[in-house]
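Undergrad: The transmembrane segment annotation in TrEMBL covers 12-34, 87-108, 120-141, 168-190.
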Amino acid sequence: MASSLTCTGVIWAFLSFLCAATSCVGFFMPYWLWGSQLGKPVSFGTFRRCSYPVHDESRQMMVMVEECGRYASFQGIPSTEWRICTIVTGLGCGLLLLVALTALMGCCVSELISRTVGRVAGGIQFLGGLLIGAGCALYPLGWDSEEVRQTCGYISGQFDLGKCEIGWAYYCTGAGAAAAMLLCTWLACFSGKKQKHYPY
């Protein structure tokens, strides 16, 4: 099976897949922000949440439903900043995944990744990482929403966690994007083989 990648290109392909998978898993998981409400642990992502309060009619009190899920609608996401973060981070993850899958195909298909295509792919990875980084930077702007304030002891605000903590999924998403921007973009420049020039 012929490959269109150099040895560096093979490393780039697998590292690209690892970075894309890390960012995508972090983006999808609702563990960007941890706190507690009514004595139960609560966590948030950009478009998902674990544990939420509901009014129990039989007991006439608020109780926590301990399950994870997406918000019912896009408008249900607690803040405008988190809605923008969801779109921007999702686009970035999509770009990283697209390049990673193309790079992995380059391991098996000859003449798929040339030097020029590798450099363009590196540029797309840089853009994807930049979008995810922007999403991670926007996320703290939504910490002043009512849902987050309820969970963080009513003392949280923009860039102020209150009683909450940043979760592992936030770090995971950011780390995957940073590695894609810094390492994969550089490796992509050396990933493709020189194209053969045929005399006809």
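The backbone N, Cα and C atoms fix where each Cβ goes, glycine too.
How buried are the listed features, and what sits near them?
TA: A Cβ distance under 8 Å defines the sequence-distant neighbours of the transmembrane segment (120-141), meaning residues of its chain 6+ beyond its ends; these are 16, 23, 27, 32, 46, 79, 81-82, 84-86, 88-89, 91-96, 98-99, 102-103, 113, 158-159, 170, 173-174, 176-178, 180-182, 184-189, 191.
Listed as Cβ neighbours of the transmembrane segment (168-190) (distance under 8 Å, sequence separation of 6 or more from its ends, same chain) are residues 6, 8-9, 11-12, 15-16, 18-27, 29-33, 45, 89, 92, 96, 118-119, 121-123, 125-126, 128-130, 132-133, 135-136, 139.
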